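Participant: Next up is a structure, given as C-alpha cells.
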Amino acid sequence: MLRWLTAGESHGPALVAVLEGLPAGVEITTSVLGDALARRRMGYGRGARMTFERDEVEFLGGIRHGVTMGGPVAIRIANTEWPKWREVMAADPVPPEQLADLARAAPLTRPRPGHADLVGMQKYHLTDIRPILERASARETAARVALGTVAAAFLRQAAGIEVLSHVVAIGPVCAPAEPLPTPADRERIDADPVRCLDPQASAAMVAEIDAAKKDGDTLGGVVEVLGYGLPPGLGSHVHWDRRLDARLAAALMSIQAIKGVEVGDGFATARRRGSAAHDEIEAGADGVRRRTNRSGGTEGGMSTGEVLRVRAAMKPISTVPRALDTIDVTTGEPAKAINQRSDVCAVPAAGVVAEAMVELVLADALLEKFGGDHVVETRRNLQAYLDTLVVR
C-alpha cells in the first residue's frame with residue numbers, strides 16, 4: 001500500500017511531503033523533481049508570484065545516491081519568500097509589539113467567495129482567515145507534484161507506464177477531441193503557452209485569457225490526463241474503495257478548484273443509446289482488444305489495458321481582481337473580498353498537478369496488484385502475470 005501526506009503552509013518556511021511504501025531500486029534525483037516543479041509554474045495567465053517564486057527541493061530521507069532504499073521518501077520544498085513572513089507565520093509565539101507594524105500581520109476578515117475562507121472560519125472557530133488560506137492555498141500542490149514525480153519514476157521503471165496531461169478547454173474555447181497526444185508529444189505540449197496540443201485552440205485560449213485579464217476576471221477550464229501502458233486488472237470490482245475509477249476521481253477532485261471529473265466519454269455516454277456507448281470486443285493480432293475506448297480504459301472498476309483517459313474541470317480562480325461582494329466578519333457589514341496576489345488562469349498548471357495525482361493512484365494500484373520490495377520484483381511479478389493471462 002502506498003501512502004502519502006503533505007504538510008506546510010503557503011507562506012511557511014517549507015512544504016514537506018512523505019511517500020511511504022515505495023519499493024527499493026527506483027532511480028530518482030532532485031534535478032528530476034526540480035524539472036517537474038518548474039512545469040507546475042508554467043502556463044499563460046499565471047500571476048506575479050510565478051515569476052519570482054522558485055522551488056528549492058531536497059530529499060530528507062528514503063533516497064541514497066539517486067536510488068530509493070525502501071523506506072519512506074521525505075521531500076522538503078523551501079519557500080524563498082520565508083524571510084518576509086518569518087514573524088507573521090512563526091510557529092512559536094511572537095510578541096504583539098513585534099507584529100504591530102507589520103501589514104502582513106493584520107487580521108483578514110473579508111472572506112473570498114469560492115474559497116475555503118468563510119466555512120473554514122466557521123468550522124475552526126476563527127476570526128482571521130489567515131490560518132485557513134495558508135493551508136487551503138494551491139501552493140500545497142507543489143508537494144503533490146514532487147510526490148507524483150517519484151511515483152512516475154516507479155511506474156516507468158516497473159511497468160513502462162507513462163502519464164501525461166494536456167489542456168482541452170479554457171473558458172468557452174475547446175480543443176478538438178482527437179487526436180489524443182502520446183508521450184512523444186510531452187515536450188511539444190509543455191512548450192505551448194497553455195499546454196494545448198492544437199495550435200488554433202491554443203491561440204484562442206490565450207486571447208480568452210487576455211480578455212479576462214483586461215476585464216479584471218478569471219477563467220477555468222478542463223484538463224485531460226492520459227495513461228499509456230497500463231496492464232489489464234489494476235483496481236477491482238469487489239469493493240467501492242478498490243475501484244480504480246473511483247480512486248482516480250477522488251484524487252482529482254481533491255485538487256484545489258476542481259469541481260468535476262469524468263472517465264472516458266463520461267457525461268456524453270448518458271446522452272447515447274447503449275449500442276453506441278460501449279466498447280465492442282474483438283480478437284486482434286496482439287490478443288483481445290476493444291474497437292473503441294469510450295470507457296476511458298476502465299470497466300467494472302478495473303483497468304482494461306487500453307489508454308486511460310480522465311478529465312477534470314477546474315472552476316475559475318476564486319480570487320477575482322474585480323473583487324466580489326462579501327461581508328466583514330468583524331462588523332457584519334457589506335464589503336469587498338480581500339484580493340491576494342493571484343492568477344488569471346491556472347488550468348495549464350492544474351494539468352501538471354492532475355498528472356501527479358493520477359501517477360500516485362496508479363502506483364498504489366500497481367503495488368496492490370503486484371507488490372515487490374524492490375522494483376525488479378514488481379517488474380518480475382507483472383511479467384509473470386502478463387505471461388499467464390487466461391484470456392489475452
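Our numbering is plain: 1 for the first residue shown, then up by one each step along the chain.
Every residue, even glycine, has its Cβ placed from backbone N, Cα and C.
Got these off Swiss-Prot a minute ago, pasting:
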type	residues	note
BINDING	ARG40, ARG46	NADP(+) binding site
BINDING	ARG135, ALA136, SER137, GLN256, ALA257, GLY300, LYS315, PRO316, ILE317, SER318, THR319, ARG341	FMN binding site
Participant: Specify the count of other C-beta atoms within 10 Å of the C-beta of LYS315 (FMN binding site).
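Facilitator: Taking all protein chains shown, LYS315 (FMN binding site) has 15 Cβ neighbours within 10 Å.
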Participant: Give the distance between the Cα atoms of ALA257 (FMN binding site) and ARG40 (NADP(+) binding site), rounded to the nearest whole Å.
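Facilitator: Rounded to a whole number, the Cα-Cα distance is 15 Å.
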Participant: About how far apart, in whole Å, are the alpha carbons (Cα) of ARG135 (FMN binding site) and ARG40 (NADP(+) binding site)?
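Facilitator: Answer for this pair: 18 Å between alpha carbons.
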Participant: Sequence gap of 6 or more, Cβ distance under 8 Å: name the residues on the same chain that satisfy this around ARG40 (NADP(+) binding site), in order along the sequence.
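Facilitator: Those within reach of ARG40 (NADP(+) binding site), by Cβ under 8 Å and sequence separation of 6 or more, are THR141, ALA142, VAL145, ALA349, VAL352, VAL353.
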Participant: Distance between SER137 (FMN binding site) and ARG46 (NADP(+) binding site) at the Cα atoms, whole Å?
Facilitator: 15
Participant: To the nearest whole angstrom, state the Cα distance for the pair ARG46 (NADP(+) binding site) and ILE317 (FMN binding site).
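Facilitator: Cα-Cα distance, ARG46 (NADP(+) binding site) to ILE317 (FMN binding site): 11 Å.
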Participant: Which residue, out of the binding-site residues SER137, THR319, shows the minimum number of other Cβ atoms inside 10 Å of its Cβ in this structure?
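Facilitator: It is SER137 that, of the binding-site residues SER137, THR319, has the fewest other Cβ atoms within 10 Å.
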Participant: Highest Cβ count within 10 Å among the binding-site residues ALA257, ILE317: which residue is it?
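Facilitator: Selected residue: ILE317.
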Participant: Give me the count of other Cβ atoms within 10 A of the Cβ belonging to ARG46 (NADP(+) binding site).
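Facilitator: Summing over all protein chains shown, ARG46 (NADP(+) binding site) has 18 other Cβ atoms within 10 Å.
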